[in-house]
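Student: The feature transmembrane segment is assigned by TrEMBL to 15-38, 45-66, 72-93, 105-124, 136-156, 184-205, 217-237, 249-268, 274-297, 309-330, 342-360.
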Amino acid sequence: MAYYATHPDEMPASFFAYSLVGGLSISAALIISPLIIIVRKRIGLRLTLILGSVLLFLSLITSSLATKMWQLFLSQGVCFGVGMGLLYISGAAVLPPWFTSRRSLAVGCATSGVGIGGLVYSIATNILIEDVGIRWAYRILGFCGFGANLLAAFLLKEWGGRTQPDIVLDEERFDPRDFGRIEILLLIAWGFATDLGYVILLYSLPTYASSIGLTPAQGATSSALLNLGLALSRPLIGYISDSFGRINIAGILTFLCTISCFALWLPATTYAPLLAFSLIGGALCGVFWCTITPVMVEVVGIRKLASTFGSLCIAMALPTTFGGPVAMQIANSGEDLKFTHAQLFVGFMFLTGSLCVWLLRCWQIFKVEMEQGDNSTTTVRATRYWVSWLTPRFLFSSRRRSKLESFVEIENYYDIEALDKGCAGVDAVICAYAGTPVMHLDAQLILLRAAERAGITRFLAASWNCDWRQLQLGMHQSYDACIAFYQQAKLTSTIKPIWILTGGLTEVYFSVPGHGNFSPAYNGPWDPENKTVDIWGTGRRRVLSRGFQRDDAPEGGFWELDSGAYSPKELARIYKEVRGIEIAQKYRGTLDDLRELAYSMRNQKAYNDYYSFIGLFYQLFQLDGTYSLKNLDNHKLNVKTTSMEEFLRQNPQI
């Protein structure tokens, strides 16, 4: 676009139109991100990358043939953007699942290619245009990019070797309601502000160099140093993010970029200070795209990463589209005063971004305390849920690690060295692994052996809700790993594990977007959109309880604790009393009808495709009493119970 802007005879258009092509290519990639996620789930990663490579190749070839501006909008704008989106959005979600403790470093190394590519491509493109002309430059870049992207498409591999689409859970899908979540809004605000500042800085730096009397070559050098800073800093940013906290470092570096704009760019009126700012500012200004995926994993988790990234990309379309034109308008003015305004604007954008990250940190700490049932947090949930986290206590808290004597991170669940280090010298092990078959069986057995080697006698095992002791293997696939671990530990271990089991979890029963996956799509009884509840049988059988079972002695065993049980009809009545909303009761049939439907669906599916029918078995075994807690011990441990009314008031998001 810089070539066309200086050679208007070849492609007559305004400066605004030239700059809009570049912005459109980026925004097109971001806007279609939800569609890209669907495409990747349907056809797999490799075919998605190949499709993106083909579109990118076609866009550059057709751009070399364009003679009108509208043709360039379609080729280098829309087609290039769609191809780039298929490549970048898909590729960005591949790397994080491969890493745990060094995730930010890995992402930083990968995204350093942005700076290296910007540096090499800008130099190579200028040489090609001078030697063979703009049209052949397009074609050569198209063939080079096609070869490199195809190679990457065949080499890239998803974690666990998954190349075909898996079952897509509700919580993994793109949901427009994600835009209403506080943490997503803060991520979007951070990205919007910093991306607008970044794009304006990137576009206006060479022109600013000209405005202070420097030559075009010196302006190009300052731009090259900006890209060099991007490339060199990203692995380092990733490393320190892993060491000192991903959200912490993202906020600090965004704020440092503010300082660099005010302290280095504003007074830079000669060549040397401008080069210093270019290198330092370049190292800091790209912090958003360097840290966003690890930060999102911290905020929403791996399973929600792709869909949340899609939501974020849609919001980023606006600054990426118009950041270039804004920069071009600034560049056209050529006045020092205008650049002062631009410098201040960019600095304040990064300041706004750093504030958003610190508020995100505050929210995350508040959410952790809320989930852990911190008393001081519980008292304000019902009445001030949206503002109670805006306090200095949360903003400057470091409670997550400060209450631990030491903190050991594992690279993977079979990291024997780290597990032995974590078990050394402790009195007990509390296993809180995720409720997946691999983590509940494979990973937990390895941890149990580490506890044995350390001489530990108390082992609190990971488990899941409901009393699965009445089940046999194959009756309910979700609990096969729990049963197998129980039997194996009983057979081979010197440790007698303790279990904490719950009754039917209220949070799971009332699954809402972004929290829980027991939705109608997976045969859950509660429909949060239409406010209906499924009724099997009479609807008076009490199925839901907020209970815990534990044993505080090394001999193992089960103690049963419960906060009460409620039938679906009682839940509908209580919900109306608390929320003032009528719940429609949808009668589905008798208990025998439910049993027949559950077993029929299981017979039609593969054994490992249990998520498509397991919700029916949750309902069945709750209704027929299989899961029921039989002998409560609340009085022995002086347990404080929570009523359903209290629970709903404390969780206004349900």
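Numbering starts at 1 and runs along the chain as it is shown here.
Positions of Cβ are set from backbone N, Cα and C atoms, glycine also.
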Student: Go through the chain and flag residues at least 6 beyond the ends of the transmembrane segment (105-124) whose CB is under 8 A from any CB in it; none is fine as an answer.
Tutor: 95-96, 98-99, 141, 220, 223-224, 227-239, 241-242, 282, 286, 289-291, 293-294
Student: Are there residues at least 6 beyond the ends of the transmembrane segment (217-237) whose Cβ is under 8 Å from a Cβ of it, and what are they?
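Tutor: Sequence-distant neighbours of the transmembrane segment (217-237): 104-105, 108-109, 111-116, 118-119, 122-123, 201-202, 205-210, 249, 253, 271, 274-275, 278-287, 290-291.
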Student: Find the member of 15-38, 45-66, 184-205, 274-297 that has more C-beta pairs under 8 Å to the transmembrane segment (342-360) than any other listed stretch.
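Tutor: Most Cβ pairs under 8 Å with the transmembrane segment (342-360) come from 184-205.
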Student: Out of 15-38, 72-93, 136-156, 274-297, which stretch has the largest tally of CB pairs under 8 angstroms to the transmembrane segment (184-205)?
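Tutor: Between the candidates 15-38, 72-93, 136-156, 274-297, the best contact partner of the transmembrane segment (184-205) is 274-297.
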